[in-house]
Each structure stands twice: as C-alpha cells, then as structure tokens.
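Engineer: The heme b b562 binding site annotation in Swiss-Prot covers H83, H182, and the record cites similarity to another entry as its basis. What Swiss-Prot records for H97, H196 is heme b b566 binding site, and it gives similarity to another entry as the kind of evidence. Swiss-Prot lists H201 with the feature ubiquinone binding site, giving similarity to another entry as the kind of evidence. Among the features that Swiss-Prot reports, transmembrane segment is placed at 33-53, 77-98, 113-133, 178-198, 226-246, 288-308, 320-340, 347-367, with the record citing similarity to another entry.
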Amino acid sequence: MTNIRKTHPLAKIINNSFIDWPAPSNISAWWNFGSLLGICLILQILTGLFLAMHYTSDTATAFSSVTHICRDVNYGWIIRYMHANGASMFFICLFLHVGRGLYYGSYMYPETWNIGIILLFAVMATAFMGYVLPWGQMSFWGATVITNLLSAIPYIGTSLVEWIWGGFSVDKATLTRFFAFHFILPFIVLALAAVHLLFLHETGSNNPSGIPSDSDKIPFHPYYTIKDILGALFLILVLMMLVLFSPDLLGDPDNYIPANPLNTPPHIKPEWYFLFAYAILRSIPNKLGGVLALVFSILVLAIVPLLHTSKQRGMMFRPLSQCLFWLLVADLLTLTWIGGQPVEHPFITIGQLASILYFAILLILMPAISIIENNLLKW
C-alpha cells in the first residue's frame, strides 16, 4: 500500500516540501536560517496572540495594560519578554539569511529574492508598529519621528502624515490603528513566506559552490530536519538566556517611562535592528534625501542581481569579493553603532563615511571587483 503522505492531497504538499524534497548534499549551516525564521514567526504569532488577549490599545490604559501583563497575568512576564526578544532573534536570523543570500549568490533566483525583499519590508513595518504599542516615551517619540518622515514627500506629505496619524499628532487613533496593523501583518508575512517557499521549490536550493547540484541530491528528511532541529535548539537557548537573564538588554530604558507629548527624550532612537538604516537617514542633511536614502538602503538589494558581473555565482572561490563582503558587514556594524550615538562630532562624519561606503560597496565596488576577478581567471 502506498504511503498516505504520498497520496493524500494535503499531506502530499507537505511531503514534497519538507520530507521527500531533494536538497543539495553540501548545504552548510548558513542554510538553517530559513527554518529558524519560520520558527521565529510562529513563536511571535503565538506569543503576540496571548499578549493581545490582555493588551488594550487606548492611550490611557496601554502602558498600564503592559504592566498588568507582566505583574498579574500568569507567566505574562515571560510571554511579553519572549515576544520582545523574539523580535531581536527574528532580525538576527533575517540579517544572517540575507547575508547568506548575498555571499552565495542566492539572489540569482530573482522571484525568491524579490519576495524576500518584500518580506523584509513587511517584517520591518510590523516591528516598528509593535514598538509603538507599549506607549512608553520611546514608543511615542519613535512613532512621531518616523511617521513624520513622510511629510518630506512633496505636495501630499503633510496630508499623508495627518491621515496616518488620524489627527494632528500621534494619539489614540494612531495607537488603535497601529495595533490593528500589528495584528494583521504577521499573517500577511506568513502568506508571503509560503510564496517565498513556493518560488524556492520551483528552482531548488542554491549551495555553497554555486554549481547546479541536480546530480547529487539527498532527501530533506532525515538529513536536514535533524540539522534544523539542532539550529532551533541553539535559537531557543539564546532566546531563553536573553529572556531569563537580561530581558531588557536590547530594549531602551526610556520605554519604562509612560508616553509624554510634552517631554522629548534626549536621544530618540529606534530598536537596535533599525539603527543602521536610521544612521543612513541621519547622515543626509536634507529631509527628503534622508528618507530616500533610508528606503534605498533596503531597496538596493533589489538591484544586486542586475549588478552581478562575475562568471561565478557565489563568493566561495572569489577572495577579493570576500574581502569586500566582510568590509560591508563591518560597515553595517559601524552604522548600527552610529545610529545609537548622539548627533555630534565625530559621529556625524563617521556616519556619512559609513553610509557612502555602504552604497559604494553594493553599487560600484562589488561589480568592479567581479570584473577584475573574471580577468584574473584568464591568467
């Protein structure tokens, strides 16, 4: 009798995606992050659902409701901190996943790559709106500053900002709609992730060598399921160490002060995972220019496939490109550090140089170095 997982219409889809799916035999631990992101997303949806049962999206009670969750709800504190630090783990996995794609040339699957970029924007939007919900000082002022950036759009900017706010400032209407969007977006992300996976399974996985691996495939289960479980255990270990030992390590102390429109915090800054983009935004003195640079800092990923000039797919056998890649990583870490610093000398100059270098590496240096490497192959 044929196995039910190969005949049942629904089980067949799962079987072909996660059990009998032919995977390259040489994919490394850098290929673990897709499954880890799936785990993060499910974890965020589940913890978020339980938080939403006790949270109130009203300016008068939002801050108190979060306090109530931590103090009065059974295990509310662990759910709240798993959700907050789960977002950090989500972004760590996201950055490593995108970095893997850049390093090994996974962007040569344009459909999968472009859906990935849309996913990145959707997750960033979700995280931003989630940060507003506790209604602390940094929530309020972060929302004010970031939504205000849209006023840089010529002609319709001011009307657009007031339309998003639902009034003339960030207030009750803003909080309510942000809660609604924060609730629905993860389910949209889930649907997009399914499409992302669908496109990936049309082409099959890339591998470290960048050479087609059709002649050497192994079944996903048990080889990669066990590998993914190991990665998941590491993820949960790091997350629970954060949650149980230093839950506020990655947060901002200002967010334990209730939102006060009359008192501006000395340094308004977003969560750590947005600091690199925030540093690029602040590096440009012009408001509209800064907003465009902010959007383009992520959107630049969409033109990376068009600028691929190398004869080889990945960077495994391209030492010059590897040097540039790790320079890009160092540059992003520098931008993250600068984003959390006050706007004063020497941080302004460092931020501007790091921002120029970020775009230069992706748009100019990478394609140029690839051409040089192509010529070196002839020698």
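Cβ coordinates come from backbone N, Cα and C, glycine included.
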Engineer: Just checking, which of H83, H97, H182, H196, H201 (binding-site residues) has the fewest C-beta atoms within 10 Å of its C-beta?
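Structural biologist: Fewest other Cβ atoms within 10 Å, among the binding-site residues H83, H97, H182, H196, H201, is found for H201.
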Engineer: Rounded to the nearest angstrom, how far is the Cα of H182 (heme b b562 binding site) from the Cα of H196 (heme b b566 binding site)?
Structural biologist: 21
Engineer: Nearest by CA distance to the residue listed as 'ubiquinone binding site': which of the binding-site residues is it, out of H83, H97, H182?
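Structural biologist: The answer is H97.
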Engineer: Cβ pairs under 8 Å with the transmembrane segment (77-98): which stretch of 33-53, 113-133, 178-198, 288-308, 320-340 has the most?
Structural biologist: 33-53
Engineer: Are the transmembrane segment (178-198) and the transmembrane segment (113-133) close, by which I mean at least 3 Cβ pairs under 8 Å that are 6+ residues apart in sequence?
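Structural biologist: The transmembrane segment (113-133) and the transmembrane segment (178-198): touching, yes.
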Engineer: By a Cβ-Cβ criterion of under 8 Å, what residues six or more beyond either terminus of the transmembrane segment (320-340) are in contact with it?
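Structural biologist: Apart from its flanks, the transmembrane segment (320-340) reaches 99, 102-103, 269-270, 272, 274-280, 282, 310, 347, 350-351, 354-355, 357-358, 361-362, 365-366, 369-370, 372-373.
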Engineer: By Cβ distance under 8 Å, which residues at least 6 away from the ends of the transmembrane segment (288-308) in the same chain are close to it?
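Structural biologist: Result: 98, 102, 105, 107-108, 110, 113-114, 117, 120-121, 124, 149-150, 152-154, 276-278, 280-282, 355, 358-359, 362-363, 366-367, 370.
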Engineer: Just the number: how many Å between the Cα atoms of H97 (heme b b566 binding site) and H83 (heme b b562 binding site)?
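Structural biologist: Cα of H97 (heme b b566 binding site) to Cα of H83 (heme b b562 binding site) measures 21 Å after rounding.
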Engineer: Looking only at residues six or more beyond either end of the transmembrane segment (347-367), which have a C-beta under 8 A from one in the stretch?
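Structural biologist: Distant contacts of the transmembrane segment (347-367): 279-280, 282-284, 293, 296-297, 300, 303-304, 307-309, 321, 324, 327-328, 331-332, 334-335, 338-339, 341.
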